[in-house]
Amino acid sequence: MSKICIIAWIYGRVQGVGFRYTTQYEAKRLGLTGYAKNLDDGSVEVVACGEEGQVEKLMQWLKSGGPRSARVERVLSEPHHPSGELTDFRIR
């Protein structure tokens, strides 16, 4: 499989519920690099890079609601080309 990067925006009750940290754990478990960060509008932005199948697994996890404490209402995503190399999955 080829390597890909996506950027996703997750909306709903996704801040203050451990969403970024649980996403980081899941992404690292899948061998992905990238980041998760809170945005001012209450959403979370996630960039994930790695094997296509693993990125798709993370996207499915996000769309299925992420951590139990969160309530995901909507996930938008598109292909992404990061400006620099991502060597780990971080919280921003």
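In case you wondered, yes, glycine gets a Cβ from its N, Cα and C as well.
According to Swiss-Prot, the protein has these features:
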DOMAIN    5-92  domain 'Acylphosphatase-like'
DISULFID  Cys5-Cys49  disulfide bond
ACT_SITE  Arg20  active site
ACT_SITE  Asn38  active site
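Sequence-distant neighbours of Cys5 (disulfide bond) (same chain, six or more apart, CB under 8 Å from its CB) are Gly34, Val47, Ala48, Cys49, Val55, Pro79, His80, His81, Pro82, Leu86, listed in sequence order. According to its DSSP assignment, Arg20 (active site) is helical. Cys5 (disulfide bond) falls within a strand when secondary structure is assigned with DSSP. Using a 10 Å radius centred on the Cβ of Cys49 (disulfide bond) and all shown protein chains, the other Cβ atoms total 22. Most buried of the active-site residues Arg20, Asn38, judged by other Cβ atoms within 10 Å, is Arg20. Secondary structure at Asn38 (active site), as computed by DSSP, is strand. Per-residue confidence over the domain 'Acylphosphatase-like' (5-92) averages out at a pLDDT of 96.
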